């Protein structure tokens, strides 16, 4: 028994889990802290945080396919190690710059009329964005490629590994922000910067070693299929091209560097190709994504990002306007993590009983059934929904009042930041609870509406995470090895695009009276996403779609789409 435990703790699978846990813990701490740092530096304005979110979403949207293509065209170990070093080095550098800003902010504000401080802000956002892009590359190569190779041909093992990865994500999503939040509360933002920089330095060394160990224990990671474009073969010497046979494609690839064009012609072609390459890669990536047999399933997953029904800053801010305290929110977040973990367990059980594609259908129905509670909550007592108030009233007022943009706050105007449940809340800012002033809120807000809302959101996490794992495994199993990077890069871009649209939706209708409309729109987008997946399942399974689950259903190769999509 001890021998089996030792074998497990030294296996490639466990080392991959450990490396992912360290990486995710650092990511969650940084993503939480960087927003707090930007708010702390810019007073009670969320301008820098909004700019950072926009830059991150726009960068992944535009560069997702290019990052994925780079993952495809390079060796696995090189990609993993490079993205790891770039990500952690960027976070460390960002932490050092933030510490300098916190120490010398007053002096920087007086130099060059504050332009030097502005350049520091731009530098922080730029480097933080580079860290996020490197994190995207790491996620693609480890969670979409390495894990498939480590699992081998065993699809049940792949499903179990995917579920374990998601459980790690759920736990770190809650625990990491709480840990760094406590450090920043009892210490200071500067201490928080130093802690995160030190953590990333240590974590980078350990993760680098773990990656090398996994690579050594899994020889198949050294073998990687590379897709060669037909255009690459057309750059050969015309004289030798006519003598070659089509079957000698490998030899053509080897010899094209030896018998090329004249140096000047090669240089011209190389410069033109290098300029056009990013645009061609972007186009080819989206075209390849559209042509995938799992295209509708991927689009269905992306549409689930167009929602306010999650535990992000928007829903948390709305909960505060409805009178929920930080302690209650902490319990709700803990409950959502538990239901998310239940969703990963349900995924593995349903997949064994009903097959992969049917698991996605069942998960979608379960999520939509729970979200019905959210739609009902809009019309319950306590809901601030008021159709007589224009959703755009708040933004219209801001545009026509022509208020000056907020400037850097002085120390006495700086809002107090409380790290309840590991999430930052501005006490003197815009996310103050509506019932914090008894004169403004003499009567307590009925909790029926908000209770139904969060009951639906928490219960829907079971179906959400089970569906997410279903689509993830469909992409892993049905995208060819040479295109895994670029297809998953485009999938990340689609996810960020819909996530960006949901933030734009909130910016256009930020008042609480319009939140009910945002809930209904969110439920509609989730429904459209599952309709897309239903269409995908219908095309894939055909007549088997409406068969009941049977004990031997797991033997049906419903996750293999070859020959089933026509």
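Placed from the backbone N, Cα and C atoms, the Cβ positions cover glycine too.
No curator has checked TrEMBL annotations; they are predicted automatically.
Residues or ranges marked as transmembrane segment in TrEMBL: 45-71 (among others). Same-chain neighbours of the transmembrane segment (45-71): 34-35, 38-39, 79, 121, 125-126, 128-129, 132-133, 136-137, 140-141, 145, 278, 281-282, 284-286, 289, 405-406, 409, 429-430, 484-493, 496-497, 499-500, 503, counting only residues six or more beyond its ends whose CB sits under 8 Å from a CB of the stretch.
Note on the transmembrane segment (83-104): residues 23, 26, 30, 34, 37, 41, 117, 120, 123-124, 127-128, 130-131, 134-135, 137-138, 141, 188-190, 193-194, 196-197, 200-201, 203-204, 207-208, 211 of its chain, located 6 or more positions outside it, place their CB under 8 angstroms from a CB of the stretch. The feature transmembrane segment is assigned by TrEMBL to 83-104 (among others).
TrEMBL lists 110-134 (among others) with the feature transmembrane segment. Outside the transmembrane segment (110-134) by six or more residues, the chain places 30, 34, 38, 41-42, 48, 51-52, 55-56, 59-60, 63, 67, 83-84, 86-88, 90-91, 93-94, 97-98, 100-101, 408 with a CB less than 8 A from a CB of the stretch.
Outside the transmembrane segment (294-320) by six or more residues, the chain places 329, 332-333, 336, 360, 364, 371, 374, 423, 425, 430-434, 450, 454, 456-457, 460, 464, 467-468, 470-471, 474-475, 478-479, 491, 494-499, 501-503, 505-506, 512, 515, 518-519, 522-523, 525-526, 528-533, 535-536, 539, 561 with a CB less than 8 A from a CB of the stretch. As annotated by TrEMBL, transmembrane segment applies to 294-320 (among others).
When Cβ-Cβ distances below 8 Å are used as the criterion, the transmembrane segment (326-349) is approached by residues 159-160, 162-164, 166-167, 170-171, 173-174, 311, 316, 319, 359, 363, 418, 420-423, 425, 454, 457-459, 461-466, 469-470 of the same chain, each at least six residues removed from its ends. Taken from TrEMBL, the feature transmembrane segment applies to 326-349 (among others).
The transmembrane segment annotation in TrEMBL covers 361-380 (among others).
Feature annotation from TrEMBL assigns transmembrane segment to 445-464 (among others).
Under the heading transmembrane segment, TrEMBL lists 485-508 (among others). Same-chain residues lying 6 or more positions outside the transmembrane segment (485-508) and placing a CB less than 8 Å from one of its CB atoms are 53-54, 56-58, 60-62, 64-72, 136, 139-141, 144-145, 281, 284-286, 288-289, 292, 298-299, 301-308, 314, 391-392, 395, 475, 479, 518, 521-522, 525.
If you look up TrEMBL, you'll see 514-534 (among others) marked as transmembrane segment.
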Same-chain Cβ contacts of the transmembrane segment (514-534) under 8 Å, 6 or more residues past its ends?
296-297, 299-304, 306-309, 318, 360-361, 364-365, 367-368, 371-372, 374-375, 377-379, 383-385, 389, 391, 453, 467, 471, 498, 502, 505-506
